[in-house]
Amino acid sequence: MKKYTTYKKIEEPYFNFSELLGFPILPICAIAFLSFGMLFFFGLIPMLVANGIIAVFLTAAYHGLKNASPNGSRNATHTGLFDLLSLLTSFLVILAVILITNVGAYIIVTFQQTGVFYDIYFYIWLFVVLAIPVIYFVVLELKYQFDQYYQAAHFTTLPLTIIHDYELLTCAESVTFLNTKKKFMTHVSVTERNHLEHIGKLANLSVSERNKYLYQPVFNETIHIPIGTDRLQISWYSVIEDAYYKDEINFPFEKLAYEENKYPTNIPKFLRGQKTDRVTLSILKGGKIQLFNKHTDIIDRVTLKSMDAAAEARTDLQHAAAAIYGKKELSAQSNKIRQSNEIDARAELADYRCSWQITGTGLEGHNIEIKDVRNNYTTSKAIPFNTFEERRLPVFFEIDYHKISWVNIHVDAEKLYSLIQTFGTVKPTLTFDFQLDPENGDATMRLKLNDAFVPFTAWEKEVNEYRLKDVKETLSEKKDFIVKNNFLKNIYEAIVEKAYTKAEQLCKEALEQYPYFPMIYFYEARLLWYAQGFEASYAQENYFLDKTKTEPYAFAQIYNHYGCLYDEEKRYTEALARFEKAYAAYPQQLFYLVNMAEIHYKMKDARQALHYAEECIKKQFTTDMVAEIIANKGVLV
C-alpha cells in the first residue's frame, strides 16, 4: 500500500492582511522604531540589551496565552528545568526576528552618522524582510492550486453509505478503493457506532426507535475515490459469527454513471468534477456484501473469504469488539441473537418486493416520500398517489404540505411482512390509506391487503408541532384567499348588474370579516362615484390612497380609477399623472401603460403615444387602442 497515492483533504491557505497587519507587522514595526531611536541616541549595546528584554517579555506573553487556551498545556506538569528549556526555543526565534528587523535600522543609522551606505546588505535585508514572506505565501497558494487540480484529475466524489444489521455486531470495518494501474487509493474506516444498549432487546422498543437502530447507517459521508477504481478491499469482524472477513474483489467503476456537476458555478468546471448517486454498501451475515444505488445493483451479492486470523490478532479483535460493544451482557445477548432467526429474516425482507400504492383523504397539496427496508434515505421524488408500483416495503413515510414536512409515519416492516405471509398471497397488493387532517394536527393510516382492510397497528406517527403550526398558517391563508376572492367576485358581479346596494353591503361584510382588505376600498371608490358623482369622489381620493398604501396592486388601482375619472372629464393632464403613479406603483399591470399611451394620444402628443404603445408591444401586451395608435403612428385622427 505504500506505493499508492491517497486522497488528502487540502485546505486553502489562510491569508488575511488586516490580521497580519495587527500581528505581527505593527508590533515588529513598533519595536523597529524603538530600536532605531535607541541605536541613534545610545548606541548598539543598549539597543541589543533592550531587544533581549523585549524578547523575554514577548516569550512570556506568548506562552501565557498558549497555556490559557483550551488546547494549551496548562494541565501538564513539568520540572522547572524542562520549562526553561521549552521557553528557550521560542525566545531565540522571537529574538532572531527582532534582530533581523533591526538590521535595517542599523544600516540607516550608520549611514546617517558616517555617510557610508551598505547598499548590498540593505537590499539583502529588504529581500529577507519583504520578499521572503511574499514568496512564502505565493508558494503556499501555488501548491494549493496544484494539489487541487492534481487531485481533481485523479479522484472523484462518491457519496457512500455503509449499513449492516444492528444485531450482526460488526467492528473493524475497513473499505479501500484501489486503482491498481495508476496506483491511487482511498481508505475508509468505520469508527462511529449506534448505541448498543438494546442489543437483543429490539422487541421492547417503539417502532421509530427500533427502525432507528435497524436502519441507521454506520457510515454516511461523501468520499473521494480514484477515477477508474478497479479493485475493492473490504474487511470486518463479526462478533455474532466470531469470524473475520477480508477480501479483494473487482470494482465496476463504469456502473457508477457519473455526470457533470454543474454547481457551484463560481468554481471552475474541472474542479467541480462529476457527481453520481449515493452508493450503499450493505454488510450481511456470512461474509456477504452488496453494493447498490437507488437505480441498480453495482455489485451483486458476493461472499467474501473468511480469514483464520492468528490467535493474537483474533484476541485483539475480540478486545476491540468488547471495547466497542461493552462487556456487560455481551456474551449472553450474543447467544440469544445466534439462536434467533431475526438477522436472516431481515436479510430476506430487504430483498422482498410487492406492488403497493398510497391512497387516502386530505392528500391535496401533500407530497409523501419514503425510506424502505433497503434504502436508508428518503426517495428523491414524491410517491404518486393511487398508483400501484412494485417496491420494497416502506419503514418511513415523510409527509409534507407544500414542502413543509409536518408528520412522519414509522412502520414496523417486519410485522408488515409477517402479516403478508400470514395471508399466504403469492402476489399481494398493498394500499396504505392515509387520512390527513393538518388543521386538527391529526394523521392516521390504514392498511388494505388486496381489496380488504386488515388490522395493522405496527406503526406510529411523529408530528412536528413547529412545522404543523406553519402548515396551519398556510392553510388559513389559503382559506382566506378563497373567501376574499369570492367577496371580490360577488362585489364585481353586483356592480356589473348595477346592484349597488348589494355591492355596498358585501363591501361592509368583507371589511367586518377582514379589517385589512385594501382591495375592497377600490370597489368602495367605484361605488362612491356611481352613487355621488365626480366631485364627491375627488374629495375622498386621499382617503382611499391612505387605505390602500400598504397593498401595491390596490394602491395602483385607486390611482388608475381616478385617472379614468379625470379622463372621463377630459382633464388629461390630471389623468396622466394618476396613470403614471399607477404604473410606478405596480408595473406588472401593463394596462396602466396602455392608459398612458391613450392619454398622450388624446393630448395629441404623437411621439409619447407611439413610445408607450411600442413599449406595450415589446412586453407582448396589446389592445385595440394600442393597435390603433400604432396604425396611426400616434396621431389622433
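Any Cβ shown, glycine's included, is placed from N, Cα and C.
As written in TrEMBL, here are the features:
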TRANSMEM  20-42  transmembrane segment
TRANSMEM  48-65  transmembrane segment
TRANSMEM  85-108  transmembrane segment
TRANSMEM  120-140  transmembrane segment
REPEAT    556-589  repeat 'TPR'
Open item on the list: Let me spell it out: take the transmembrane segment (48-65), skip the flanking residues so only those 6+ beyond its ends count, and list any with a Cβ under 8 Å from a Cβ in it.
Closed with: 31, 34-35, 38, 86-87, 90-91, 94-95, 98-99, 102
Task: Within the repeat 'TPR' (556-589), residues counted as helix, strand or coil by DSSP - done: 27 helix, 0 strand, 7 coil
Task: Surrounding residues of the repeat 'TPR' (556-589) on its own chain - C-beta under 8 Å, 6+ positions past either end - done: 519, 521-522, 525-526, 529, 534, 537-538, 541, 544-545, 548, 595-596, 598-600, 602-603
